[in-house]
């Protein structure tokens with residue numbers, strides 16, 4: 001029996017010949033060119049995530065070298081100069097080459113999906129921003145290849161330590177210009193994010209239907225535009241001092257304090273630039289695994305706006321011991337910024353309260369974040385008080401505090417986001433057992449490393465020192481901290497194995513929302529999404545459009561609960577008519 005319109009004769013032979021042609025395989029060169037020239041926000045997001053994670057591993061190795069040096073008194077494996085280079089580049093890498101671009105990676109991948117956009121507003125600018133970040137970072141790190149080594153004046157580059165007399169090497173110039181280069185990429189990326197959020201939201205997505213993560217990306221972008229131009233100006237002025245004798249930061253003219261004001265006016269908003277997006281990730285994860293909508297959605301947005309506003313008023317709390325700042329004002333503003341942060345915790349815990357909690361790996365990391373960040377916040381209250389700060393400033397107490405705050409936010413939320421969105425990134429789920437092994441080894445290793453450093457700081461151990469005396473009494477605590485730091489470092493290995501195992505043996509999820517209770521719009525498209533993200537967009541009538549799509553009966557109940565009297569009558573009348 002023949003099929004209608006089946007080709008006959010020569011046409012059939014030609015068709016048969018075409019069907020027998022081998023399928024063209026992907027050539028490695030084609031794949032490389034595609035990745036190097038892509039303007040797809042998802043691919044660019046992947047590049048940001050992979051590159052920033054690679055820098056995370058490099059910065060972690062430097063941290064382990066420093067901890068190995070400090071395990072016992074005396075110089076073990078590094079000279080003092082090498083130690084200075086290690087702690088300078090460790091801080092620079094972790095803050096400006098890992099945490100900041102990690103935000104750009106998650107924002108690139110997830111934000112356009114959550115607002116129903118086909119891409120970002122300026123795709124080519126997006127790619128240009130990534131290359132600025134990559135090459136700027138490589139220039140800064142490339143100082144290790146120069147005869148005098150990398151920058152060694154601390155990641156904050158205090159003047160006059162960073163001038164041409166005290167830091168004459170080319171590595172310092174590469175650090176300055178590399179960070180300026182990378183910072184331009186961050187600025188351009190933030191312009192892109194703000195424009196995309198303002199101009200490219202799907203029909204029905206008002207500002208107060210946007211996911212919390214999108215709100216946080218928007219406010220982070222605003223902070224970048226406030227902070228990074230100040231850093232760029234300060235870096236160019238410092239380079240002018242070094243190369244052209246500009247005398248901007250001469251100590252005789254008050255330049256040392258001027259540098260600190262400029263740098264920390266960037267530096268403290270930077271803390272929230274690397275905190276707010278990761279608060280947003282936690283705000284996406286907790287409702288899904290609590291089986292509840294976010295408690296206090298409007299209050300959470302208000303708290304985020306308050307944190308962003310207050311973050312540019314507290315920079316001089318890094319400068320209490322200089323004697324050149326108004327202590328009551330900056331102390332009060334620092335205490336004040338704890339209030340909206342407390343509101344956020346109230347919202348997160350309120351969402352979990354009486355929820356149907358499910359501790360899959362993303363929720364486990366989110367819970368670890370809540371515990372760790374709380375510890376960091378408590379020590380922050382101590383440091384906000386000038387009389388107490390005077391005693392522990394520049395000690396390991398400060399090191400412990402900011403690692404609890406920064407690591408507790410960025411790394412815990414990063415792993416939570418990886419496990420939560422991995423099926424959206426790749427179409428496959430990461431292994432739960434390996435994820436929990438990673439969590440517990442990292443959790444124990446982290447707290448063992450840094451909890452002890454509070455006590456070291458209280459006993460008077462200064463930060464940035466390459467050595468100490470056996471008579472100082474710091475040996476036992478330093479040894480414990482170093483052992484736990486290597487456990488922390490080893491915790492990354494199960495995650496890397498998990499990624500490899502999932503890529504090679506993982507089964508495709510086959511559904512839009514493998515978690516079953518996803519609320520935001522990225523869970524209303526396939527895993528992974530098509531090139532322009534959506535084939536069709538669901539109706540957006542709340543801040544949980546994907547949940548409304550997959551659970552229409554609950555959405556109808558919510559609509560009835562939140563409707564006015566006239567709307568309730570209409571809904572009820574429609575139900576009766578349906579019967």
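Backbone N, Cα and C define each Cβ position, glycine as well.
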Choose the correct range: of 397-417, 502-522, which one does Swiss-Prot annotate as transmembrane segment? Give that range.
397-417
Suppose you had to name the range Swiss-Prot annotates as transmembrane segment; which of 262-282, 535-555, 556-576 would you pick?
262-282
Would you kindly list the residues that approach the transmembrane segment (44-64) from elsewhere in its chain, counting only those six or more residues past its ends and only Cβ-Cβ distances under 8 Å?
35, 38, 86-87, 89-90, 93-94, 97-99, 101-102, 104-110, 126-127, 130, 133-134, 137, 141, 411, 425, 485-486, 489, 492
Residue 401 (heme a3 binding site) and residue 317 (Cu cation binding site), distance between Cα atoms, whole Å:
14
Applying the rule Cβ within 8 Å of the centroid of the Cβ atoms of 268, 272, 317, 318, what extra residues of the same chain belong around the Cu cation site?
264, 267, 269, 271, 311, 314, 315, 334
For residue 401 (heme a3 binding site), nearby residues of its own chain (Cβ under 8 Å, 6 or more apart in sequence):
376, 379, 380, 382, 383, 454
In whole Å, how far does the CA atom of residue 90 (Fe(II)-heme a binding site) lie from that of residue 268 (Cu cation binding site)?
18
Between the stretches 125-145, 295-315, 397-417, 480-500, which wins on the count of C-beta pairs under 8 angstroms to the transmembrane segment (437-457)?
480-500
Count the CB pairs under 8 A between the transmembrane segment (397-417) and each of 125-145, 217-237, 262-282, 295-315, 480-500, then give me the winner.
262-282
Fewest other C-beta atoms within 10 angstroms, as judged across 268, 317, 318, 403, which are the binding-site residues:
403
